[in-house]
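If you look up TrEMBL, you'll see B:Thr143, B:Lys166, B:Thr177, B:Glu256, B:Asn377, B:Thr382 marked as substrate binding site. Taken from TrEMBL, the feature active site, nucleophile covers B:Thr177.
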There are 2 protein chains.
Amino acid sequence: MKFPQGFRSAALAAGIKPSGKTDLSCVVSDRPCSWAFAGTRSTTAAACVTRNREVYASTRPVRAIVVNAGNANAATGRQGARDNRDMAEAAESVFELPRDAALTASTGIIGHLLPMDRVLSGLEHLPDDLSDDVGAFATAIMTTDTRPKTATATLSSGAQIVGTAKGSGMIHPDMATMFAFAFSDAQVDQAALREAFPGIVSRTFNAVTVDGDTSTNDMAVAICNGAAGEVDLAEFLTALETVMRDLARQIAADGEGATKLLTVQVSGAASEQEALTAARTCCVSPLLKSAVHGNDPNWGRVIMAVGRSGAAVNVEAMTVSVQGVPVFAGKPLDYDARAVSESMKAEEVVFEVNLGAGEAHGEAWGCDLSGDYVVINAEYTT
Amino acid sequence: MKFPQGFRSAALAAGIKPSGKTDLSCVVSDRPCSWAFAGTRSTTAAACVTRNREVYASTRPVRAIVVNAGNANAATGRQGARDNRDMAEAAESVFELPRDAALTASTGIIGHLLPMDRVLSGLEHLPDDLSDDVGAFATAIMTTDTRPKTATATLSSGAQIVGTAKGSGMIHPDMATMFAFAFSDAQVDQAALREAFPGIVSRTFNAVTVDGDTSTNDMAVAICNGAAGEVDLAEFLTALETVMRDLARQIAADGEGATKLLTVQVSGAASEQEALTAARTCCVSPLLKSAVHGNDPNWGRVIMAVGRSGAAVNVEAMTVSVQGVPVFAGKPLDYDARAVSESMKAEEVVFEVNLGAGEAHGEAWGCDLSGDYVVINAEYTT
């Protein structure tokens, strides 16, 4: 897969990851880009999120994003903020960009200072190998991801959107950091893009976390360099949401220890926000996730999760189905539990819930909870 | 352990639990009781919670509580509400109590109608074996608990408080149902008790769940029959909180699959509510829980969980310690990771966090996350 025109990328192993895998990468545009950004709502946001937010507020165009994996540069105090700024300035210097034209993104362990000698030395070597291939970048941003995640869309004008994301899954709100980057050669008005972006993020990437809860470093960025000329805005935004939805589902399916994708579709809600909240609350429920892992059609856990989400429900009008089979309609229904359990041995398990309280709908994604999740996370640092 | 004077109890195996263990029990007072109640905030609350709440609103005294385990009678529609009322009325009949003098509590699987023939037949046999022993009752209310949970306090006047709780642990908000019952022979003004009760529940049982999120059936009840006469109200409330705190810690320590207790003490918060929220958010973090399971002093996960809790923090003034060892003070501190890891192989792991944002404090309890949790919950119904 190639980047849209005008974008080039490089990745190398700077020695930040102990494994020696590629861990420093960048994407650079040959011209200024309109862009939109959504960062973690965490009150302990990492240096990269804090700085990107400041750059965002300036509304100036950007030209590049530099990403390191293996170290989140979070909870690193003032030194961490200085290191992040140095990383951005070094990138701007080597790519001959204006000040604050490079965004930064860091992911990995929290509470350790960045090895700046390696970062700066790596940045100097990045421009040596710029190419239009997406694969190396998509791989270099990974941490415990088992596979790179990319998605693409082509507009009727021929303009492209190429997205890539990382996130070792986990629907859990304090999951490993999630990054989502969408690059496009479409020419898009920045104000219009920024107005639409929060809604798109809410329906896509925030639907794999909970209630907008995110890690210290989470961010989603859309960057448009206009090389392919003007596009229809509505068509562009729809395509962008499709790309980001695809990536969000990939993140959920690659959840730490996951063996399958969990999809919860909520309808009949009083508002889209309540539909999303109810769907997300189901997707983070460790009890429901465990049941999905065991192919157990224990729909009572859906009732419970919806109940605690706070979304308005009319229990008498509420319905639940598992893999298309109705199991609850104001009261328990008779169904073939063995057949439903069998149907849950699929790559994707879908619960449909109608809250009976309105007309709005929303969808969230997660994964099952397996013993491997604990194994992966019990000794991440040691 | 014996109940306070004036309370008697009985338990039997009515055939609700497939295992054949005791599953139907009651506590009856020989005189009217002042009482306080806190029920789940779930919008899909079970029939027992809904009815108890109605009885509570009447402010009339109660005389008994009847509990069944093995079936939650939740998401069972109008039939479920009728069954719950029939269960209460049958208890009132056999114990010759006034209407609405018996509370009910059901725990177990959601979405199945109560086997009313067994429940009603069991209720008729309950009065045959009333005694003042707590053990049989504490055991009959268990589901996946590995041990009964009781705590007691004696006031200076000689009045007693005896508490018992069930909850197969899980700090997770959609945990298996939690019940907490405190019985006392103290004479306590009902209005004063009801005014203090929400705060006590917030600092104790709600500190083993999250943000007041609870299952469809969760409830905490304090029942005082006055047989031992008047007591000092402040002394009583302090003792009640001590008993409920003890039970809350027992619930956390007996979490499904738990091998140790996780305690998070938050100070320096802007309010008690924010301190509790931050502490609870740490205690439900599957990443932190996994780290505790692996004896991994990965304090970055505390920073992350606090950050996503939304509590106000001043990161530069923030401090974190693990098992008494300072690891963060506005920036990462040098510490002996191996020694701290060794110290985490204890029955209780304590994180102390100062948010640097105020003077309030709060504490929450959870447990580590082990692979056994998944095994327990993957096939609960099948």
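Numbering starts at 1 and runs along the chain as displayed.
A Cβ is built for glycine as well, from the same backbone N, Cα and C atoms used for every other residue.
Note that this is a predicted model, so its numbers are computed, not measured.
According to DSSP, B:Thr177 (substrate binding site) sits in a coil region rather than a helix or strand.
Counting other CB atoms no more than 10 Å from each candidate's CB, the binding-site residues B:Thr143, B:Thr177 peak at B:Thr177.
Its Cβ taken as reference, B:Glu256 (substrate binding site) is surrounded by 27 other Cβ atoms within 10 Å in the chains shown.
According to DSSP, B:Lys166 (substrate binding site) sits within a strand segment.
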